[in-house]
Amino acid sequence: MLCAIYKSTRKMGTYLYVAKRDQFDVVPEVLRNAFGPPVFVMMFNLAGEKALVNAEKAEVRKQIETQGFYLQMPKEDDWLFKL
């Protein structure tokens, strides 16, 4: 399963995963407004062997299949956000 990954222009470290590139109709309007204009990062194969850095592939896939998207928030303990 391929998914498209976008980064937020308003919240550093926040990413949105959707099933198809530029398909945001499944994302609630409130979330789209808070996320800001999405910036395309890459297509990612959730069935492949490569791991995601800050998310579990199985959870991403499950969320995309059930609600149409997955929202990755920054880790609270990430030292870069404390600078």
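Note that Cβ sites are derived from N, Cα and C of the backbone, with glycine treated the same way.
A quick note: this is a predicted structure, and the numbers were derived from the prediction, not measured.
Feature annotations, courtesy of Swiss-Prot:
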type   : residues : note
DOMAIN : 1-83     : domain 'YcgL'
Counts by DSSP class (helix H/G/I, strand E/B, coil) across the domain 'YcgL' (1-83): 22 helix, 21 strand, 40 coil
Mean per-residue pLDDT computed across the domain 'YcgL' (1-83): 91
